[in-house]
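Under the heading domain 'NACHT', TrEMBL lists 264-423. Under the heading repeat 'WD', TrEMBL lists 737-771, 778-819, 924-946, 956-997, 1081-1122, 1161-1194.
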Amino acid sequence: MTDRTKRLDVLSFYSIIRNAYSFKAPEEAHQVLEANFLRYGGKDKLILYIDGGAAVEKEETAKKRKANRDKAAEKCYRNLDALEQRITHNQKASRRHFVDVKKSLASLFYWPSSVRQDFIDYLIKAGWTVRICETEADVAIAADCRPEDIVISADSDMLAYGTIYTLWRLTLVDFIWPTIAQIFARLLDCHQLSSRLLLVWCQMTTARASFGLVQSGRRRRNDDGAIYIEPMSKLNLKTLDEDKLEPMRERVQSFIQGKAKVLLILRESGSGKSTFNRRLEFELWNAYKPRERIPLFIDLKTIADDRQMVKQHLTNLNLFSKEQIAELRKKRQFILICDGYDECRSRSNLYDNNNLNGPSQWKAKMVVSCRSQYLGLDYRTYFQPHANEVYSNSRSDKSELLEEAAIVPFKQEQIQNYVEQYIASPETEQSEDWTTDRYMDTMKEVPHLADLVTNPFLLRIVLDTLPGIVESSPDLSKIRVSRVRLYDAYIFRHFHLELRRLDAQISQKKLKESEEAAFEGIRDDFVHDGIHYSKRLAAAIFRELGGVNSIEYVSTADFKTSGWMEEFFSMDAVVKLRRESGPLVRSGSQYRFAHRSILEYFFSCLVFEPRNNSIGLNYAGEDQGNLDLANFLDPTVNPSLIANHPFGLVDLVSEPSILHFLVERVRQSTPFKEQLDRIIRLSKIEPAVGRASANAITILVKAGVLFNGVDIQGIRIPGADLSEGQFDSAQIQGADLTGHSGHVGSVAISNDSLAIVSGGEDRTVRTWHLEGDNARVFQGHEGTVCSVAFAPHCGHVVSASNDSTARVWDIETGSCVHILKILLSFQPVVAWSPCGRQIVTGTTTLMLWNAETGELERILAGEGAHCVAYSRKGKLLAGSSSKLTIWNLASDNGDNKPVIMKGTSSFQSAVFSQDEQTIAKQELLSASQDGTIRFWQLDDELDLEESSFHAASQDWKSHRAQINSLVYGRDSSYILSAGNDDWFLKWNTKTGSCNRFLKVGFGATMVISPSCRQLVVTESWGDLKVYQLGGIDKPKVDDRLCCGASQATFSSCGEWMATSKESNDIVSLWNVRSGKEERLLEGKAGPFMKLAFSPDSRQLISLCLDQTIQLWDIERASCTEELDFIGYYASFSPCGRMIAILTEDSVRLWDLQEKRDLVSLEGLGESAHCIEWSPCGGWIAAGCEDGTVHLWRLFKEGSELKTANVIVIQDFLGPVRCLIWSPLGPLEFATGCDDGSLCLWRIVQFYEGGYRAQLVWGSLAGRLTATGARVDSINGLTNTQKDLLIQRGAIYKVTEWGS
């Protein structure tokens, strides 16, 4: 040992340095420290390492040490003061006072850089080899250390370095008794002592835990032994195999050094992903250097809680305490190699669920592998890092945080290399006649075999089974090879080899008596007995574990809680023999099939198993299999036998590898195809076999079976995958093609009424197009989908599940755009705001999300809700639970507390009316299905009061006098009318029914604000009242805005109200919110008769008593233009560019920008009372004194505006004084007549260019109208009746045709 180089960490002698330099002169202190070094070796064998600056990751530690020294200085001064006081006052100073001063001085010690440099110069002059390190000495020592060197240090971090094999760890003994220290020197062989002993001995530090990882990682070896071929990779699955190929190891290395956080490795089953992952961990450990990322191989199928993936893996290693794991999470960085994402049956985002790189979380990059056939179109969602990263504030695109690498199928050179290693392996049990060339030539001659050997697992199967296949079928050109037949041969070969092994052990007397007896009991049917055991185990794994290929077995005590294990893992001699002879692998307490595909193969054998029991399968002919279901297919047999068979319990649509095996069986066996067809037809009369029927038709469709013209009426195939199937002219009437398997949790319809979205118990979201397009399926949730909603633009849907996530889906691409982490809750709800920019989720807690970025914006206080609903503008949010709760989302103070909470019984649903004032609640009573509907009134102050709904009196069918004004509710569901009968009526636009709304004075008129919250009523004697519509049935007077005025109007923005009096020429502008009169517009031509705001609320048009027309600028409160013609009524176009002005006999359109008269609308009879633009701007309607309504259509020919008087409505029994267009929906308008009637009309097109006005309903529609009717030669009419017909417009005498 004395010939070995010793590397000494100088600062490990810190206690000696402190004592020497605290109480001695620098030169004497140098000599004391040098004398201690000489105890461990001479100058020729000892290399001294002295720390430089602190490492970046320990700068925080340096700051803490400085803070501690500052505290020690204060304490030292206090102790000195206390000692000085005692001496000054002749008090006794005890030993404790001197000890306190000495301890505080020791804590205050700091070895300054100048003294340290003097010591370095002293050592160099004395002939020592000194290395001054850039940062800490342990980093430099580990970099320089050779396996034979000895490291002398008290630093536990030395244990974490793979280059340090022997450590002389200094203890207190070294510094007190030098001779004893020579005897008790700590010489540690780090690669021989167990990790557990080291952990007991070491201090509780990060280095201690890291060392255990080093030991664990370096003990790993490649599962395939010596056979390993470096896989080649491409950018992703869509990239051509010939483009941009690079070794997978280099691809991973560039990922580790780059900015990305997740690398997704993809390829089909058997492509060598797990082999590469284990090899990667082994190589990373061998190349590990201090302070680098620690590699961790995590077998995902062994992880029960994927939200604690790293912690659970480290716990499973049984190397670390909770404190050590916490230290690793806090101070170390990792490269996580997560193997088998598809095998853990997770559809969660591992990176997000573990909050990697979040505050106080694991600092890690992640390499994760997954079989490509288990991924849908939106697969990137399950791996893309989202919110909560420490780098989330960077401007880099989050897509850059995820990289992909697809393993490329083996090329010819790789296959040959693998064959060469296979032949050279001592595990190979083939004849010497099978050389590399023979293998390569045979694989080329057997049809289609070369296509199957492009991944290592199938290649290994082929190499194991090829000699037996060739021996049974010498004519290679007639051999028909498929993937499932290779597995058949491989499994039969495996059990035959096990049979030979056991025979050999019996002859060598290596088996116990009980084991030999067990073997003799099953020897005659050993192969099929082993296959039957494996099939039953595969069925149990899918039934009990959801198909996860990992079984945790500790002891027979487990049978009390998991009785199904006893059949497969008990210590019974026969069970043990079957288990140890099967294709199972054991790792500690875990059992698994040697490969995932073997588990899937045995499950497929539960449905169809070939009868051949020898290695020489009938490769040239048709498989004659034993169908496990054959005994269950007789319709007279209880269908529950099929329903309870694994084929009737497992959804094979989500198991593509099993489907692949069974699809190949169908192509090779006609009886199997016929049996599946019988299952489908059995589903017509037995609903219980629906799942088996869906699996059966999915297999047949994937196998290319045609259903053209087939009668499959009434079949039940819920959840089947019929994509790419051919069903031309198939009779499918009455067939149950239900998409969801299990109950449907939520349904929503799109705003355009063309699509429906649904979410169900089967964890899927499905969209259905009502025009007949195929439904789209979105998969990703791990729990029941409880709530769904469409985006307002109908391009996305959002779904909430009890797996604690909500997902936003792109309907066109099928991809998941965002995953929103909601708090764990039962039956979560979700809704999309009307503007499309916000999503609300939750049940116990309501959370608001940015729909574009997926980021959490707010968490609302309150008790949550069973149902949520936005108001029309999205300013209010209502939630229903045990209380009715309303949040004001437009609040400027950002308060997340609810503004209203009303409690009665439990509310189940909530919906806002379109005018944002009435909320209807449905309360479900316990133990009954009848509900109570409550109506609530919501005013501007957000006061909520319950009210009842009173139906319209049967005596009130219309006004009893002329109608003066009409206003539409903004959602077009109701109309308010003002009549000379002293009442305002409210009309239902769908039914035409009405009820009394407000009692007013004679001749009152009204206007309503854009928000439908203020109703302005002007009475004939010049009083103006403003009613706050807090619930449309109980208007309340707002005293702030009440004044003397003859008319009023609101601006489109709802900010201003303009009023005028008949007695002056002033227009007052009121601020609606404050209720104050802020501006005055002074005219020159007398009182104003008509006021109207422009659509942008920047201008006001006024008509004066002398029929002059003026335009006003609201901002400047000044008149900008006076039109040079006489008008009686004016109205802005919806675009705000034109004004329609009513003159004596026409309507003129004035262009405000070009300052010119565009066109005159002719055809009016007597004078008109009102003119109004349609919301689309394409129609103008005028109500006239002669009881007619004229409608003009506006259109352009080139750049020229054209008009046509296309419709005239007659037969009103009085002048039409008011008219209003519906702001929403089809072209509808309402008319009010002097006879008190109100009619709703709709413009319809009955041929190209031809339009007519269709009466939707009328309040007095039962009266006789006969305009244009021919009543000649009608028998039985009295003279009075004839006169009445003529009075109502009938043509009594007509001319003969052709005369």
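Here the Cβ of each residue, glycine as well, is placed from N, Cα and C on the backbone.
A Cβ distance under 8 Å defines the sequence-distant neighbours of the repeat 'WD' (1081-1122), meaning residues of its chain 6+ beyond its ends; these are 1046-1053, 1055-1056, 1058, 1060-1069, 1128-1136, 1139, 1141, 1152, 1155.
Model confidence over the repeat 'WD' (1081-1122) stands at 78, taken as the mean pLDDT rounded to a whole number. Mapped onto DSSP classes, the repeat 'WD' (1081-1122) shows 0 helix, 24 strand, 18 coil. Remark: secondary structure over the repeat 'WD' (1161-1194) totals 0 helix, 19 strand, 15 coil, with classes taken from DSSP. Taken residue by residue, the repeat 'WD' (778-819) breaks down under DSSP into 0 helix, 24 strand, 18 coil. Look at the repeat 'WD' (956-997): DSSP puts its residues at 0 helix, 22 strand, 20 coil.
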